[in-house]
Each structure stands twice: as structure tokens, then as C-alpha cells.
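Novice: I am attaching a structure below and will ask some questions about it afterwards.
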Amino acid sequence: MAAAASSSSAASLPQTGAEIRSAFLRFYEERGHKVMASASLIPEDPTVLLTIAGMLPFKPVFLGQQERPAPRATSSQKCIRTNDIENVGRTARHHTFFEMLGNFSFGDYFKQQAIEWAWQLSTEVYGIDPKHLVVSVFREDDEAEQIWRDVVGVNPKRIIRMDEADNFWASGPTGPCGPCSEIYYDFKPELGDEGIDLEDDDRFIEFYNLVFMQYNRDAEGSLTPLANRNIDTGLGLERMAQILQKVPNNYETDLIFPLIQAAADCAGVDYHQLDDAGKTSLKVIGDHSRAVTQLICDGVTASNLGRGYILRRLLRRVVRHGRLLGINKPFLVMMGEASIALLKDAHPSVLERQEVILAELQREESRFLETLERGEKLLSEVLDSKPKQISGAQAFELYDTYGFPLELTQEIAEEQGLEVDLAGFEEAMEQQRQRAKAAAVSIDLTLQDAIDQVVATQKATAFQGYQRLEQPSCVQALVANGEPATSASAGDHVQIVLESTPFYGEGGGQVGDRGVLSGADVIVAIESVSRSRDVFVHAGRIERGQLTVGDAITAQVDRACRRRAQANHTATHLLQAALKQVVDPGIGQAGSLVDFDRLRFDFHAPQAVTTEQLGQIETLINGWIAEAHGLLVEEMAIDQAKAAGAVAMFGEKYADVVRVVDVPGVSMELCGGTHVANTAEIGLFKIVGESGVAAGIRRIEAVAGASVLGYLNERELVVKQLGDRFKAQPGEIVERVVALQDELKSTGKALIAAQAELAVAKSAALATKAVAIGSFQLLVERLDGVDGTGLQGAAQSLAAQLGDGAAVVLGGLPDPSDQGKVILVAAFGKDVIAAKQQAGKFIGTIAKLCGGGGGGRPNLAQAGGRDGAALAGALETARMELTAALQQQG
């Protein structure tokens, strides 16, 4: 393969983030890869809080725990990482939310093909000149170096060997592993090939990582070749956008900068005129706004635990940085709206979940503003004690507990003639970092390996949770901070196997229980429970004392959480029964989620459930709840259960003896989950959404019990806000909105007509500027403040005035204050067309000079661009090229 860039014209290369994404997926789809939709940010893997890498959804396939979806796959995966959150906005490349483009081979092609395709994509599809590329290989991977050098043709001086820490991937101390090779972009190739240091972040950026899983590492550390070798790659969308859009950092790409601009507009500042601190705050707001929008969209709600804590922390950082910019009013909803507008084309679910997203943003911002007020009150109390300085511990308490920015504490202290103990604050911050590092969200295959080791030695856990929520038990095995252990202490994150347990382990769509393990001198907060080969693994954190294998403890399930989960689970059964009754008796379940605060049910259906049908389903379910049906739960032979009419999930494997949950006269299903004793315990049921999640699969989301009240309160708040905004009573809002839409439509039509009239009026004066070239009349002029329709009308009018030899090119900015939108129009008479000049082809070429494109008919065409600064030069080029072409014909 030649190491040369494609000869494709620059204008045909991907530029926008959307174009880069689609070009990647199309490239690999054309090469036999199955395009996989992005998985949720909430992974199925219970050991990981969030999806933090493109390969995470395929982790069970790589570990041999799941069948491969296809021999080859490709995806654009949503990811969240928060381990370096302090660097967001301070460096050019750190983000919380990002997209990882990836191509994967599950025992199909391997190293040479992966390398060749990666190079072809980079140089031919993305058009990167090879002189800007450097590759790294593992120090012992002679094969990869040989492929890069001899097959691809990379200059040997630009192939850098790296150590194991940088270029060798492993799933854990044992298991699948292999070398990797990375492609870097060189911003300064003129510095030459000698002494290349890939750690130089100002010169190099790694954008494509190729992992070659080719070995199995045993307990002794020996490597043996795998029978089925795999490929796992990742290309950072934001990084590629920075490279192709030629901007100084990821934040100034079209993937993020519109959000930075929205925040800047809200603050009344100019991003490009700010100092580094101000720019950092805008970058944090832009980055975090994408992240929180996607997290809420995928079902995360703010809390003080797990994913909820990550969401809350990100939201509060947005508010804090807004205050640093002088934004003292609520603005999260505005940023949410801007994020949805930016993300909706690539991620339609954010638009479908817009109401939920904005409600969560509004609610959490209101809470935090109250928290800030309490922090200000505490700071006032500290100042009232007349201290010589504000201690580091006090400043950190304000920061950590109340979300009070250090900068704000310093500012207030300075007004009082005081200083803040920054060294003490940093010491407290470092201690917090170490605690966070121990609990960092990572793609912890090592943790799963440790859990698997422990589970393999254990017998099945005796589950007692159907009968009781509290019971004595004994610690059988323990994993502490990712390693098998015999004991663990306060602050440690642990996975615990008990002899018997009342905790329900995640399964059948229902989340695992929460609760507490307590002993003579220990308390463990249990945050989730999973199952592996009938062994229940309790994950949590030791709050106090020490826990040792063999300890006697009391296991206590959080009763409130269990009640909510079992109400939602029974409601899910009622939902399936109602769907069969209202929509189609043949409806089959495709998946479900039973959480503490919500439920969702996926089912096979060719089309959406209508609004009328959803209303009938709600009425039916609430009727069954009001009828107070007592549930019957019993175990029976699988054949007996099916003969009785029990519903089973298609494709699910069942034992010979199954558990049947029966709501007499309503529903009978095979189910191992927990349920209410009587439907009346559910209280109330409300559908909150219906959507499509895949071809032929629909999803209904709902709330039940106390969650219904919360949902209705949110809706009531939205209605009140709309009423206040439109100065209308609730019953008048729809009428008021329709009237405003009609008014806006009418005004828009009037504006278009006025612009067209203005353009035609201006064109009369322009006609006198036409230049005669033989029998042709050439007119190239700039006309700002006119939209595309008006500019076309003007061009047509001018061409008609100038006759069959007219060659008219007009360009302008529809909004002179917006340099990011350019419109170009060409109108050619029939003599010009006969002279082999076509308006469509010509204007498309000129538009590329403004960073755009377009085309149309031979006699009339329109194009657009994104670079207003280039418009004058583009029009001059049009004038010169047409002059030369027409002179040849004249």
C-alpha cells in the first residue's frame, strides 16, 4: 500500500463531526462490518458505573462470555470519563463526554488488515497528509513495525517503539492480552523526524488506537497465542474533528463550540477576548452540558451515590463556573436546550427525552442554588468568629460539602482582609483525590477477574429474600479494592459473598437490592447486588470498622427500595397484560428494566402505540390496581406452567422447575423477581413515554407509586412555567402557542417577501455594473442581508435583464453579524451554458472556498459556506475564472 494521501479534493473530505462519524461507519460497513448502535451510558456490566470506552459493550464477547454479534462490527459509542475531571477545560483534549469510533474483529481479520484499513481511513477518507502522521508500536512487536514499514510504507523514523505501559493491553493479571499500535497526528512536521517524543502534547495528539488481542497470559505470566485473535480499536471523534477542522483544541470544534458560545452569550462575554480562566470556565460548561444531557437521557438522576453522584457533580460544576463568569441566574435549562439542539441529529433520544432532561436540570439547579445559599451562610458564620485566616479544612468543607467554589471563598475573604490557607486546602483536596482514585470508575476487567476467581470457589448462595428482608449470615469471600482479600477496612470498596442472603441479585430486568451489612464493629453500605453462577455478589463500601472472611453479620435490605422495586415489577407484568389486551395478543417481551424509581418495557411491535391506546392501557392498569388483586406465587414444572398459560420470554432458558407469578384473571408469567402481595400496594401507574429503540421494537417507560407524584409535580411545574411565560391559564396554553406559531409563520412569510422585494430592488442598481466580455455580460457582486430565496430572485432578475449571455454570480451573508453562514447563487443565460459553463458545477466549486458546497441546475444554482471571511476572495476567484472562460469563447 502506498503511503500517500488520496487525490480527492479537500472539499470532498469530511469536515463536520457528523461527516467524520458517518465516514468512519460507512468505511467499515463497506468492508463487511455490522454497524452497531451506541450502547447506553449505563452499562450492563455491574462492575462498571458508566460506559467509558467503545469496547465496553463488547467486553463479554472478548472474554468469551457471550456470542459475537457478527464476525466484524463497528460503532460510534457514547462514553463518559470523570477520572481527570480537574483537567477538563485546562488541556486541549480532556473531556467527560466523548464519542469513540471503533472497528472490531471477533476472531476474523487481524493485525495487517487492521493496520492497512486504519491508514487508508486516515489518509484517503480523512485526507491527512502522511507527513503529519507518526505511529507507535509495542517494543517487542516486530510484526506490527514490519507491516507499517514494508506494507504501508511509513518512514521507519516515524515508527516509534514504546514500553508495555504505553503499548500493551491486558484484561487483567491473567487472560486475553496483546500489543497495541497508535496513530498520532504531528502538528509540527517541519521539526523533522529526529528525536521524536510522543509525550510532547503541543506537537502530537494520539487519535487512533489499535489493540491486537493475540495472547493469553497465565498465572505465571507466560504468554501463549490465542486460538481466536481479536481486534479492538478506538478513534476519538472530538480529536479527529480538531485535526480536520484545524482548530487549536477539541473545544473549538463544531461538536462543542456551539455550547461554549451559548454560555458566552448568557454571560455576555466574548470567548476569544477572555483570559485563560474565563475560557476554561466556558469550556467546562460546554463539555459538562453535553455530558449531563446524555446521562439524564440514559436514565441517570442526580443523587449522592454512584452514577447519580457523578451527574450531580457535573451539574454543580456547570453552575459554579457559570457564577465565575457572572451568571447568577438559573441557566442549566438553557444549556440543556442548546445541548439537545446540538446532539439531536446524531442522538435522537435526547429530543425524545427532552422533557425529562430539562426537568432534571431545573430541579437539580434549584437544589444547588439553595445549597450555595447555605454555604454562604456558613462562610458568614466563619467570618463572624474573626479568624486570622480561613483554614484549609474550612475552605474544603465549603467546597466539598456545599459546592462552594474556592475562588468565591477567596474573593469574600479578601473583601474582609483575610487569606485562605491554600496549602491546607490542597492537602484536603489531595486526600479527596486519593479516595476518589480508589473508587475511580474504570473499565475494571481486573475487578471482574478477581470476582470471577472468588465466585469460582464458592457454592450457590442461599437466597431468602422472598421470605424475609433481614437475617443473620456469614461472610464467605471478599474482594477489596479490586483484589481477592481476607479482610477490608473502612473506606474500602468491596464485593462480598455471603452464605445466605435476603438481598435480591440483579436479574430478570430487576435491579439488585440496596441495604446494609452490620456486625459487632462494622457497617457496610450495599449499593448493588449481582449474580454469577447462582453466587450473589454484594457490592458496596465499608463505612465503619473492619470486615473479615468468616465474620458473622446481619444482612438488612433497604425496605423502602425493595417496596418500590417490587411495585414496579408487578406493574411491569400488568403493563404486558394490558398491551396484549389493547394492542395485540401476540406481543412479545424484548427486554425490561425494573428500577426503584421507574420501569421500562421493550416489546416487539411493527408500529408505535397510539396516544388513544396508551390512555386505554393506563386506565386498564389503574383499574386492576384499584381492584386489589391478590398475587399467587408458586413453583411448578415448566410444562405445567406453560399448560396453565404462563407467559415466558422468548429465547430465555428456564429450569425444569419454574416460579410462576399469577395475578388471577389478569396476568400469569414465569418470573424470579420480587412482587407486591396485592396490586393495591402499587398505588398508581403513569406512562411517561413511548418510543422506538430498534427496528420492530418499541419501548414504554412508566412510573408507579410515589414516583407518580414526583412526575406529576414536574409536569405541573412545566405547565406553570409555560403559563407564566405566555401569560395564560393552563387551559389556554395550547391555544396561545398555536396562535404564536401562526403569527410567527405569517411574520416569516412577510419577511421572506420583503427580503425578496429588497433583493430585486437592489438588483436593478447592480445591473449597471455588468462587464461586457465579447457577447457575454459578466456580473459578480456581493449582496449582504438577503436570504437564499431573495438572492436567487435577484440573480434571476439580473440574468433576465442582461439577456442570454448573462453570467451572474451573487454572494452574501444573510446576517452580516454572523460570519458563519454564506450564501452563493449563480444564474447563467443559455449562451453561457452553450459555452460549457454550468451554474450548478461552477457555484459548487466556488462554495468550497468558503468551507461549504452546493449545486443545482445549469441555469440556476445555490450553494452555502461557513467562512464569511473567505467570501470576498471566493467572489474574486469567480470573477477571474468566468472572465478567463468567457474570453476564450468570445
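Glycine is treated like the rest: Cβ placed from N, Cα and C.
From Swiss-Prot, for reference:
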BINDING   His569, His573, Cys671, His675  Zn(2+) binding site
Novice: With Cβ-Cβ distance below 8 Å and at least 6 positions apart along the chain, what are the contacts of His573 (Zn(2+) binding site)? List them in sequence order.
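Specialist: In sequence order, Val661, Val663, Ser667, Glu669, Cys671, His675 meet the Cβ cut-off.
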Novice: Check each residue in the chain of His569 (Zn(2+) binding site) that is at least six apart in sequence and keep those whose C-beta is under 8 Å from its C-beta; list them in sequence order.
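Specialist: Same-chain residues close to His569 (Zn(2+) binding site) (Cβ under 8 Å, separated by 6 or more) are Gly509, Gln510, Val594, Leu599, Cys671, Gly673, Thr674, His675.
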Novice: So, three-state DSSP: helix, strand or coil for His675 (Zn(2+) binding site)?
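Specialist: Coil, per DSSP.
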Novice: With the Zn(2+) site defined by His569, His573, Cys671, His675, which remaining residues of that chain have Cβ atoms positioned within 8 Å of the Cβ centroid?
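Specialist: Once His569, His573, Cys671, His675 are set aside, the remaining close residues are Gln566, Thr570, Thr572, Val594, Val661, Glu669, Gly673, Thr674.
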